[in-house]
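Trainee: Pasting a structure below so you can have a look.
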Amino acid sequence: MEEEIRCFVCKEFYREPVLLPCGHALCRVCAVNLQTPVHETDSTATSNDYQEADKASVSSETDSGVVCGSRPNSYAGTPAVPAYSTAAFTITCPSCSKLMYLDDNGAEGLPPFRVMRTIVERFGGVSGSPPAEEACQMCEGERRAAVVRCEQCSVRYCAGCRDAWHPIRGPLAQHELRALGTTCTDHGSPPVLYCNTCLVPICQRCLTERHSTHETQALSIASRAHKTELSQSLQHLSEQAKAMTEYIQLVKGSGDKINESCEELEKQIDQACTEVTRAIDRRRDELIRAARNTRMQAITNMRSLTSHAAQKLREATALLHFSIEALKESDHAAFLQVGNILSVRAQETASSLCSSLDSPPTAPALTLDIEPVIRTVRSMNFIECIPPGAPEMAVEACAARGCSCTLAWRAPAAPASVRGYVLELDDGLGGPFREVYCGRETVCTIDGLHYASLYSARVKAFNGAGEGPYSEVIGLQTSPVAWFSWDARCADAEGGVTLSADGLSASAGGWQPRVALADQPLARGLHYWRLRIDRYDGDADPAFGVARADVARDKMLGSDALGWAMYIDGSRSWFVHGGAHGGRAGGGIARGAAVGVLLDLTRGTLRFTVDDRPQGDIAFTGLRGAFYPAVSLNRGVAVTLQTGLAPPPDLLMSQLSIE
């Protein structure tokens with residue numbers, strides 16, 4: 001509470017606190033020091049702000065829980081009030097930074113904040129001298145606050161002076177002593193009522209002059225109501241403060257856990273680095289042994305080569321010495337007996353002596369490759385050791401519209417981190433789930449779903465430690481009926497199909513039939529749509545039905561194996577598929593008629609209507625897969641597409657009776 005009873009400016013306990021129009025308090029001296037004179041050139045610029053500032057001040061006083069007698073004398077109100085026609089001073093609240101305008105009295109005219117002064121004296125231990133208008137008029141020496149005022153003597157008395165000058169017995173005991181408190185600044189009378197319209201206490205004269213049409217109530221009742229409201233607000237504030245205290249304790253407790261976790265992590269780092277160091281030491285010893293073995297092998301090889309070369313040298317030297325001694329032979333016949341042989345041996349030995357030698361050994365050209373180890377060491381980092389929890393589906397944000405759905409979810413609770421999410425969707429028939437999204441976003445829109453299907457979706461989170469559990473499974477129902485328009489890619493201005501801006505109306509300009517397909521296929525459910533005949537020439541050949549995506553676009557619908565249609569003129573119709581006609585039925589079309597198409601993909605059937613009445617029997621059966629609503633038109637025919645319709649009940653009943 002100490003923050004509330006210390007001045008925002010001097011940071012000391014309030015001394016002679018005054019109430020600002022915004023509802024905050026200041027020491028009277030601090031308020032005087034903060035006020036700024038308003039120059040004459042500024043007075044006109046600020047006059048337009050009086051009304052809004054006046055409203056703000058009344059609201060702020062009420063919101064603060066402090067009730068003052070009336071609008072403060074020093075507050076410059078609207079220009080309509082003569083007493084406050086100009087502003088002499090401005091003051092900016094140091095707490096809320098609101099700019100307020102004061103009259104000629106300035107901050108000296110601000111009302112005393114009695115509640116604040118009482119609380120400061122009670123808890124702050126500071127008892128300052130009251131202002132002159134609130135001081136006892138009979139005290140000598142230190143000035144004390146007056147508690148009563150004698151109506152007959154017109155003198156204010158403190159508790160001690162009251163007992164001394166107006167004892168309970170004697171001639172002065174009959175005087176009326178009125179307790180001092182908040183008074184009306186306009187009339188000087190104590191308030192007796194509270195105006196619920198203006199939210200200020202008023203005296204009896206205020207009620208007669210300005211508040212006669214306002215809703216008022218007794219001051220004590222209003223005070224109790226405001227105290228009750230404040231008590232309820234304080235109860236809520238107390239609950240929030242309790243929750244904040246629990247949060248602080250939780251944070252402090254998490255700090256201890258964090259310290260323990262970090263200490264454990266430091267131990268793990270030390271152990272891991274020690275293990276890495278040991279592995280490096282072991283590998284160092286292995287490489288040193290390998291280098292020494294290489295040296296020993298090279299030395300052994302060198303000794304072998306040296307021994308072999310020395311043996312060859314000894315043999316050559318022996319032959320050399322023997323031949324020299326043979327040259328000393330004086331018997332010519334004896335020398336000629338071996339001279340030729342020794343000459344051949346010397347030549348052979350000379351030619352083979354160096355050629356038989358291997359190359360001398362060289363130092364091993366090896367170096368230690370440590371780059372992979374350096375990269376590995378540098379890439380050492382922390383990874384998540386706990387997989388994330390299950391995300392929570394944000395059901396209120398999930399929706400299915402037409403043949404698309406939007407899914408949203410919330411991140412799992414801490415402490416595990418999340419690197420991304422995997423969203424899975426089934427096939428709409430209770431089949432296996434398949435992945436449809438992987439990323440960091442928590443919302444995903446999926447298009448191209450089947451109509452009249454109930455899809456199930458689930459999501460899971462993952463991080464470096466692995467994948468977490470799935471969320472709860474949520475179901476999404478797509479639209480039971482299809483809404484579509486003609487595909488804009490079918491439009492061809494050169495005698496082909498022409499489409500309207502909304503993609504619902506279609507016409508053709510040439511005699512050659514042109515096919516128009518819908519902008520989305522149908523693969524599941526029961527669908528019914530109609531094509532209103534806006535223009536019809538008796539020579540035209542329109543055909544209505546369904547087709548695969550790659551149907552021939554320059555032939556009548558049904559001319560190839562990829563179209564199923566009903567050809568109709570002014571008096572009869574045929575069912576056409578793969579160029580074959582059948583199922584002739586009487587009755588044709590005219591301008592204003594409506595051709596309906598009923599595609600039942602549950603039973604695999606296709607039927608037609610004219611003005612919602614069956615046109616022949618079931619046209620085709622065994623339809624499986626995805627089909628596009630289609631029409632083929634030529635010159636003289638214009639149609640408008642009507643989708644999202646419920647099938648005629650008679651048509652459904654007739655279909656059931658046929659089955």
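Placement of Cβ uses the backbone N, Cα and C atoms for every residue, glycine included.
Owing to the predicted nature of the structure, the values given are computational and were not obtained by experimental measurement.
So TrEMBL lists these for the protein:
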COILED    255-282  coiled coil
COMPBIAS  41-50  compositional bias 'Polar residues'
DOMAIN    7-30  domain 'RING-type'
DOMAIN    184-219  domain 'B box-type'
DOMAIN    387-481  domain 'Fibronectin type-III'
DOMAIN    463-650  domain 'B30.2/SPRY'
REGION    41-65  region 'Disordered'
Trainee: For the domain 'RING-type' (7-30), what does DSSP give as the number of helix, strand and coil residues?
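Mentor: Going by DSSP assignments, the domain 'RING-type' (7-30) contains 3 helix, 7 strand, 14 coil.
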Trainee: Tell me, roughly as an integer, the mean pLDDT over the domain 'B box-type' (184-219).
Mentor: 82
Trainee: How does the domain 'Fibronectin type-III' (387-481) divide up by DSSP, counting helix, then strand, then coil residues?
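Mentor: Here the numbers are 3 helix, 44 strand, 48 coil.
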